[in-house]
Amino acid sequence: MAENPNSRPIITTESSPYLECGNSSTGTPWYDKESVLNLSKYLIFVEVILGLMVWALIASTEYFRFSPFGWVMFVTVFYWLLTLFLLIIKLARGQVRHIPWTTVVLIFNCTAALLYTSAAVVEATLVNQGVKGHHDFNCWAASTFFAFLVSLSYAGSAFFSYKSWHRGDE
């Protein structure tokens, strides 16, 4: 507070740009658009790390006794390898010019989200085949949790890929 010669206090206020929520009359969003777009770049790292955890947890068990785990292992390893390959291409900036990358990545992320979700649901139904407290049960339960997280990550990537495709970014 500053003192006024009229002996009344003057209160000054300042607004922090971090606390502003946006202005609906001007259409200013309450979030930083660039930060949200940068999030999409990091989702591929989340997909690689969590995807590795999903199939490694399953592979450490006797999953081969239940045939539906074959589908789960196929989806998780297949998309983990493709995502790793896509990450290497992105990091090496080796994108071939005549390939419509936004369309390819959009299709990849949409199919990954759908198939990973189906694999996570199949795995969730199989968790009860294990004995609670046993190594297989614990690994399958953890793997199911991570499979749903990877599914959400691929869905988020699909959303951002759609936004990029819709804008016409190539």
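Along the chain as shown, the residues are counted starting at 1.
Every residue gets a Cβ built from N, Cα and C, even glycine.
What TrEMBL records for this protein:
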{"type": "DOMAIN", "residues": "35-166", "note": "domain 'MARVEL'"}
{"type": "TRANSMEM", "residues": "42-63", "note": "transmembrane segment"}
{"type": "TRANSMEM", "residues": "69-89", "note": "transmembrane segment"}
{"type": "TRANSMEM", "residues": "101-120", "note": "transmembrane segment"}
{"type": "TRANSMEM", "residues": "140-162", "note": "transmembrane segment"}
Intrachain residues whose Cβ lies under 8 Å of the transmembrane segment (69-89), provided they are six or more past its termini:
44-45, 47-48, 51-52, 54-55, 58-59, 63, 95, 105, 108, 112, 115-116, 118-119, 122-123, 126, 147, 154
Tell me the residue counts in helix, strand and coil for the domain 'MARVEL' (35-166), as DSSP assigns them.
114 helix, 0 strand, 18 coil
